[in-house]
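Following: one structure in structure tokens, then a few remarks.
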């Protein structure tokens, strides 16, 4: 690894002295791609390389590179994460999850659909990793209770049969292949498949749910940042409302198709058994009691949970109404008459600062702690002010600061490609693709990105591919979003390998799954995802973004060589 890095920097010295600007920038991108794929250095450290490479190569000045690391998209990311941290800190996500599962019920198909729906909804707002880490233990506990109850029920039924038939009872005790043993094996096989299906449903729905909102997963924000960087006159074509309008229906379709596929693989389509037509049995009641007890442990909703929920709902409403598209939003009327002064990032930071201002309990209730006042002869007691909903210690521990650097590294690469003329060169080189139908181009690129993201992080994948896709689309006069949008979503659909995403790794660590289980289920889901996204791009996506026409804001002049 050390030799590999030394060789890389040796070639760097050669390029700085000899080669043209496009080649220097291309080398920097290839070097960073190799470092990201092999992880010979931490991903965030690799993302900082443009700060060193671009000034040394004469591509961009240091100041121009550094400002790329804290743009509006980073502020949107930070604000969204602060909301997610507040939700997790007060266990609001667990309360929502258990409440929904209690409504759905515990019959296998309904339980799986409930877990998938709750997981997808939560991962729209908080991290996929945190959602999966919370939901998997709940699923394991419910399935364990169902299995234990069914085992007791089998024993009771066989005991009743044994009392009526003494020969049957003796045979049950002596024979290793007795009815009791056969039922045990059948039950273990049934719940082994059920556990696999439920575990996969949680991790897959976490990845799918993250695609529905602009802040749901990092690639979405990278797309917005790259669009604003490469096409500065795009008129805020990607914002929270427009992204949700396209991605949410796509997420619903993918979630339903994924549920059907996992249901087919691990449970079959026995409507009576799966959906529970008829009375609830004892196993259902006891499993339901497990979830009810978990919900009871949370107690009644506190003031802090209510405050966090209120801020969360207000933030979402403000995002949707800032620039809805079909009518002037509040930001347009109040602030943005002369320019885009207020963005989604402005709203996210404004609302998230309230967590550090609003107390976690009403002032009238006071604090649980009272201290003796140091001043005063009579030793009067003074009451402490209640703590805020969030404090910096909690934020510092839970905030993924490395992702902020990864976002900045991607924006720096895009800016360097423009400044060096590499984007123009790539666009001219990819011009022959104009003879291929747009649908075919989108489908092929989605397959490429979907394969690549199985072996590298989705952040690195989108960071590397999006500037190239933007150059290609401009060269062949294709709407940039026609290829950039589906490829961004495909980067989050890594279902085949345990190492592909943190949710996959979490469910795999429980020991119930083999790699081949994930490959078999994930391959088909990858295909479903790619086809669903391309269907969306050519239907409601086309209507929303006018993807069949080449926009004026995409007709730009690329950076020239220094």
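Backbone N, Cα and C atoms are what each Cβ position is placed from, and that goes for glycine too.
Checking TrEMBL for transmembrane segment across the ranges 57-74, 75-92, 129-146 points to 75-92.
TrEMBL tags one of the stretches 361-380, 521-540 as transmembrane segment, and that stretch is 521-540. As a quick check, the transmembrane segment (75-92) and the transmembrane segment (481-501) miss the bar of 3 or more Cβ pairs under 8 A, pairs 6 or more apart, so the two do not touch. Between the transmembrane segment (237-262) and the transmembrane segment (521-540) there are at least 3 Cβ pairs closer than 8 Å, counting only pairs 6 or more residues apart in sequence, which means the two stretches are in contact. Most Cβ pairs under 8 Å to the transmembrane segment (481-501), among the stretches 193-217, 301-320, 436-469, belong to 436-469. Same-chain neighbours of the transmembrane segment (98-126): 80, 83-84, 87-88, 132, 134-135, 138-139, 142, 146, 194, 197-198, 201-202, 204-210, 212-213, 215-216, 251, 255, 258-259, 262-263, 267, 273-276, 284, 287-288, 291-292, 294-295, 298, 312, counting only residues six or more beyond its ends whose CB sits under 8 Å from a CB of the stretch.
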